[in-house]
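Residues annotated as signal peptide in TrEMBL: 1-22. Summarising the annotation, TrEMBL assigns transmembrane segment to 288-310, 354-381, 387-412, 424-449, 461-482, 511-537, 543-571, 583-603, 615-648.
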Amino acid sequence: MRAPMICWAFLLLALFGNACNGFYLPGSYMHTYSPGDAIFAKVNSLTSIETELPFSYYSLPYCQPKEGVKKSAENLGELLMGDQIDNSPYRFRMNVNESVYLCTTKPLSEHEVKLLKQRTHDLYQVNMILDNLPVMRYAKQNEIDIQWTGFPVGYTPQNSNDDYIINHLKFTVLVHEYEGSGVEIIGTGEEGLGVISEADEKKASGFEIVGFVVVPCSVKYDPDAMIKHQIYDKVSSVSCPLDLDKSQIIREQERISFTYEVEFVKSEIRWPSRWDAYLKMEGARVHWFSILNSLMVIFFLAGIVFIIFLRTVRRDLTRYEELDKEAQAQMNEELSGWKLVVGDVFREPDCSKLLCIMVGDGVQITGMAVVTIIFAAFGFMSPASRGMLLTGMILLYLFLGIVAGYVAVRLWRTIKGTSEGWRSVSWSVACFFPGIVFLILTILNFILWGSQSTGAIPISLYFVLLALWFCISVPLTLLGGFMGTRAEAIQYPVRTNQIPREIPARKLPPWVLVLGAGTLPFGTLFIELFFILSSIWLGRFYYVFGFLLIVLLLLVIVCAEVSVVLTYMHLCVEDWRWWWKAFYASGSVSIFVFLYSINYLVFDLQSLSGPVSAILYLGYSLIIAVAIMLSTGTIGFLTSFYFVHYLFSSVKID
């Protein structure tokens with residue numbers, strides 16, 4: 001039977017190989033344009049690394065499209081990130097170089113002047129998009145060329161109290177001539193799934209947009225002369241003035257004329273490689289060397305810890321099992337260490353319900369993180385697909401509720417020995433972490449609403465999130481809990497004594513050791529954490545998901561090792577209350593993550609201004625820290641649980 005199946009597989013593979021000459025998965029659906037085709041740019045929210053409060057593009061007195069402002073389709077992730085993508089009047093015609101007039105504003109009011117000056121002082125950037133590519137500009141800083149996405153609303157010259165608006169844009173659009181060579185392309189971007197095959201060769205032939213660059217200028221025009229023009233009328237090309245007298249000042253009763261010019265330049269860059277320029281941001285080389293160095297150090301430390309621990313446990317087990325029954329009975333009186341707590345090691349911990357809930361939520365968060373990063377590492381979460389990463393994470397979290405309910409209820413049955421109360425446990429799992437996130441987001445949302453920022457979650461989206469929560473996550477968690485009641489409970493290898501054993505006094509409190517244990521997992525994470533924080537708060541693209549996957553796997557290994565070693569150390573000093581200590585041994589890394597976030601705020605986000613921005617930053621950092629605590633704590637606890645189970649099932653007990 002197998003031979004014909006293999007033959008058919010090879011035949012299908014050969015046919016598919018003839019049908020297409022190339023294959024490209026990540027990114028958006030490729031567009032090709034014929035000469036003269038109209039292409040309209042879109043505008044995203046105004047953003048600033050100083051305030052982290054996004055605002056609508058049309059909150060400032062900019063030119064509006066003739067057909068009115070229309071919002072583009074936004075996914076869940078874009079809405080939560082504060083993106084608001086609108087159409088714009090900026091029109092380009094493929095391979096037509098031109099200088100164009102847009103509009104002249106009415107005399108600026110006091111409120112508009114105040115708003116423009118405020119946005120200029122807060123270093124707000126205009127984010128424009130053409131064919132799904134963000135506009136990029138090049139700037140010199142300390143004799144180094146730096147790439148930035150977007151361009152400023154305005155600028156304030158040195159030794160001057162006046163502000164000037166950017167009202168003339170010099171665009172360069174890089175295009176690559178595509179001849180329809182039978183490449184089959186599958187796109188997963190915001191335009192949806194699409195395929196270009198050989199049948200569409202003639203239709204697909206044309207020019208692809210592979211680059212979008214801008215040089216922003218401030219130019220003073222005569223408003224009386226400019227107002228005679230109609231939109232898209234040709235005007236003479238201008239060079240960016242160096243004199244402030246020829247730049248457009250921001251002040252009351254000024255009428256500002258907006259113009260732009262565009263130049264199309266042929267490029268050898270191919271469409272699948274057009275995002276490379278955005279991913280070559282500053283610090284890329286440091287990023288690679290730092291991560292490699294961190295990986296080597298952590299592998300070395302983790303290897304030493306594992307070898308020492310393995311030898312110690314093997315020696316103890318070997319010595320104990322080589323004794324005959326009489327020798328064991330005689331030695332039990334003299335034993336010290338983990339063998340003495342055999343009757344207490346599986347005693348029910350304090351707040352056992354809370355432990356089950358946190359472990360269930362931790363499994364859900366860990367599963368979401370692992371699957372998301374694997375998909376991103378294989379290119380399914382392209383930067384071209386704005387909001388796709390966050391949308392994917394939310395959907396994964398919702399559907400992994402079934403796993404969370406199952407794990408929490410099965411652990412509850414193991415600890416209690418009965419399924420009674422499983423509904424309460426399942427409900428609590430479904431509401432614990434999401435409830436914390438909703439509480440923090442609601443507080444932050446009131447702050448954003450007060451600031452009239454587009455980063456505020458709309459009321460309609462709140463109801464959508466609540467519907468997803470209670471219509472998908474909660475039922476699936478309850479279903480998982482029900483499955484947990486039907487699964488076989490884990491049987492303890494030893495009996496628990498009725499009277500708990502007294503725990504000897506110790507010089508140092510246990511929390512000191514638990515807190516210190518978090519430093520090793522943090523060592524695997526902190527380099528990557530810097531780049532993740534930079535991508536979130538400084539508007540940089542994060543793209544090395546392959547390295548992030550390696551760091552995640554390494555973090556899992558180190559969390560497991562640290563928690564097991566600490567559990568073993570506590571058992572050796574006759575401390576049988578290992579349950580919560582195993583959880584927090586690896587979960588304490590979240591404390592260091594939160595402290596590092598504060599350090600990043602103070603020393604790396606010095607441009608962040610105002611208490612509102614700081615509260616937003618700390619609120620989001622707190623959500624991340626809680627998620628990391630639940631995830632890493634669960635990894636450590638489950639590893640320690642199975643280690644303790646294996647350790648005591650290997651010992652001969654009468």
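Each position is counted from 1, following the chain as shown.
Placement of Cβ uses the backbone N, Cα and C atoms for every residue, glycine included.
Counting same-chain residues at least six beyond the ends of the transmembrane segment (354-381), those with a Cβ under 8 angstroms from any Cβ of the stretch are 25-26, 188, 388-389, 392-393, 396-397, 400-401, 403-405, 407-409, 411-412, 415, 425, 428-429, 432-433, 477, 545-546, 548-549, 552, 579-580, 583, 627, 630-635, 637-638. Using a cut-off of 8 Å between Cβ atoms, the transmembrane segment (461-482) and the transmembrane segment (387-412) share at least three residue pairs, counting only pairs 6 or more apart in sequence. Tertiary neighbourhood of the transmembrane segment (583-603): same-chain residues 355, 358-359, 514-515, 517-519, 521-522, 525-526, 529-530, 533, 559-560, 562-563, 566-567, 614, 617-618, 621-622, 624-626, 628-630, 632-637, 640, selected by CB-CB distance under 8 Å and a gap of 6+ residues from either end. Among residues of the same chain six or more beyond the transmembrane segment (424-449), those with a C-beta under 8 A of the stretch's C-beta atoms are 53, 353, 356-358, 360-361, 364-365, 401, 404-405, 408-409, 412, 455-457, 465, 469, 473-474, 477-478, 480-482, 612, 615-616, 619-620, 622-623, 626-627, 630. Beyond the ends of the transmembrane segment (387-412), by six or more residues, the same chain brings 74-81, 83, 188, 352-353, 355-357, 359-361, 363-365, 367-369, 371-372, 375-376, 381, 419, 421-422, 425-426, 429-430, 468-469, 472-474, 476-485, 487, 489-490 to within a C-beta distance below 8 angstroms of the stretch.
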